[in-house]
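Handing you this structure, nothing more for now.
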Amino acid sequence: MSFNVNAEIAVCGGKLLKLSHYSDVVNNTMDVNIYLPQQYFTGSNGKPIPSIYFLSGLTCTPQNASEKAFWQLQADKYGFTMVFPDTSPRGEHIPDDPAYDFGVGAGFYLNATQEPYKKYFQMYDYVHKELPRQLNQYFNNNKNPKLDFLDNVSITGHSMGGYGALSGYLQNYHSKKYKSCSAFAPIVNPMNVPWGQKAFKNYLGNDRLTWRQYDPSELVKQVHNYGDDKILIHQGTKDPFLNENLRSNLLIEAARGTSWEDKIDLRMVDGFDHSYYFISSFVPIHAEFHAKHLGLI
Ligand SMILES: N[C@@H](CCC(=O)N[C@@H](CS)C(=O)NCC(=O)O)C(=O)O
């Protein structure tokens, strides 16, 4: 398994690598950006450098967050690597939809079971399994890890990617795959909102039972929080998608009476919209939250 280095860009104290590689699970070439913090170059006291995976929202490539979220300053401050995966496979041959909310740029971080999507849209296995394995192999040659992509890792994301982070964290909660999870303006209950219903119906079929394995508001009822773990969420009050598609209060309601009650720290922030102006404003708080769980502070 190998990566092509398409660009190596000096940012803050480290380097942003724009990579592409072949994914066997999505049967396609995938782009991914990695920010290596300054500690990678100056030394991290012999400890492997942990990673945070940032899952982006609808229409995004790995570039949006790399250019506009300002994670790099935080990565240098605490000493973690950032991984920015793409939101779907891309290319003329990838089944798409005329609208921005489905198909290319809208993989919804799940494993499609329906034609014609299932051959390529296996984004759950890609993000949570194959990509970390391939990164480990490429950067560490499977020994003496200098960069930790597998064990001491956390996950976050925005909008569709916020849902992807919550869903992936909860689905892998019992194996402690992720040390912590946060989200910016996530779709918290995809089964019950238009963006999610369109995606789940087309990728997973009409049987709503199969949708539940991915829905954060269902997963909080199924997955027991045995470790007093908290999830951090920021949501802007002037987000144009809040009332129809994001509906963050539904997660709080779903968690009521479960082991996640009072464990979801939803912070409604006055006047913020859905954009990277909003995301970048709260990245420092999320960075500190994850840095604590990754043992960096
Ligand atoms: N108005 C957007 C709707 C989609 C959207 O707002 N996407 C968010 C994620 S859900 C985003 O991050 N867009 C790219 C950006 O702001 O850089 C479009 O049609 O492109």
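Each residue, glycine too, has its Cβ placed from N, Cα and C.
Found this in TrEMBL, in case it helps:
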type	residues	note
ACT_SITE	S159	active site, charge relay system
ACT_SITE	D239	active site, charge relay system
ACT_SITE	H274	active site, charge relay system
Do me a favour and check the Cα-Cα span between H274 (active site, charge relay system) and D239 (active site, charge relay system); whole Å is fine.
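Cα to Cα, H274 (active site, charge relay system) and D239 (active site, charge relay system) are separated by 5 Å.
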Name the residues of the same chain, 6+ apart in sequence, whose Cβ is under 8 Å from the Cβ of D239 (active site, charge relay system)?
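Those within reach of D239 (active site, charge relay system), by Cβ under 8 Å and sequence separation of 6 or more, are A185, L246, F272, D273, H274, F278.
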Would you mind checking how many other C-beta atoms are within 10 angstroms of the C-beta on H274 (active site, charge relay system)?
21
Under 8 Å between C-beta atoms and at least six apart in sequence, can you list the same-chain neighbours of S159 (active site, charge relay system), or say none if there are none?
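Long-range Cβ contacts: G57, L58, F184, A185, P186, I187, F241, L246, H274.
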